[in-house]
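Peer 1: Dropping the structure in here first, questions after.
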């Protein structure tokens with residue numbers, strides 16, 4: 001049976017003279033062969049207002065809410081995918097805002113959910129991953145302010161670290177990227193069942209195809225565990241030959257007339273919670289830079305750190321490590337899970353890490369000097385911004 005995939009992209013740039021809004025909608029009708037694989041596609045006409053307008057409204061409302069809470073938005077983007085017909089019906093979306101803060105630009109994002117009970121295809125952001133404010137409507141940490149910057153406390157490196165969900169999500173995406181690469185899949189086959197990580201579970205969940213229905217290669221879309229209880233889970237079959245890299249994730253690209261990895265992914269991290277001590281430094285947000293990943297799979301982040309008991313104070317901290325190495329050192333998840341969006345849709349609690357002093361002796365494959373990241377060098381993965 002033919003099915004139609006409608007994709008909406010929206011960009012909103014707020015300005016003193018009003019918002020500058022650009023948007024587009026693309027509708028493609030797919031045809032599958034007897035095996036369930038997409039074999040042909042054609043563009044079709046679509047009522048743009050019926051699907052574009054709700055997406056534009058969601059982005060503009062999101063930007064306005066952040067601005068009202070004192071977080072000026074430089075730009076906000078969204079992508080919405082609406083698939084109807086056949087056995088693969090699914091609706092999903094995500095939005096991402098680049099927010100101007102005292103620490104630098106920060107990306108705040110959220111999954112877009114169909115508005116409950118709406119007759120029209122309305123959308124609303126998942127609030128749990130958005131910056132706090134607005135009378136407690138959101139659950140993510142507040143953004144840094146110019147009056148809140150302090151010198152790092154003398155004892156900060158001796159205190160446990162908590163990666164808040166917006167920072168933990170970046171780490172989870174990095175773990176998914178590492179374990180989903182060709183080398184990562186080989187590692188999962190070679191060390192299948194090995195307890196290389198703390199007792200957490202990392203699962204890639206279908207988001208652009210209905211769970212249990214076929215992806216565009218005709219393979220059932222189902223949750224794919226990469227890690228289960230801290231143990232590596234081998235990939236199914238010959239994942240290296242699959243267009244989506246994993247079974248059940250193939251996406252038809254009409255322009256290329258070929259199967260590709262999906263434009264949206266969703267990752268969930270779960271595990272037995274641990275209690276975070278009251279005296280801990282919380283890394284709340286990542287400051288955006290031109291480059292996040294460096295040679296050798298090194299993840300390099302400048303994070304906004306908050307000292308214990310001072311939600312209005314912050315100082316910058318540099319985190320430099322391989323994602324798998326950093327997760328291996330985590331003591332476990334802590335607090336409630338939150339939905340965020342950045343590179344992927346991620347649902348994760350905060351993660352409790354040892355103090356920076358302990359990480360400095362255990363992470364031996366961290367990057368070198370912050371002015372020149374490299375694949376080896378300094379054993380210290382977390383350093384105060386500005387130190388050598």
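Cβ atoms here come from the backbone N, Cα and C positions, even for glycine.
Annotations in TrEMBL come from automatic prediction, not curation.
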Peer 1: Could you tell me which of the ranges 89-113, 114-138, 139-163 is annotated in TrEMBL as region 'Disordered'?
Peer 2: 114-138
Peer 1: When you get a sec, could you say which of 170-207, 208-245, 246-283 is annotated region 'Disordered' by TrEMBL?
Peer 2: 208-245
Peer 1: By a Cβ-Cβ criterion of under 8 Å, what residues six or more beyond either terminus of the compositional bias 'Low complexity' (348-361) are in contact with it?
Peer 2: 156-165, 168-169, 171-172, 267-269, 271, 273-274, 276, 280, 282, 317, 321, 326-327, 329-338, 340, 379-383
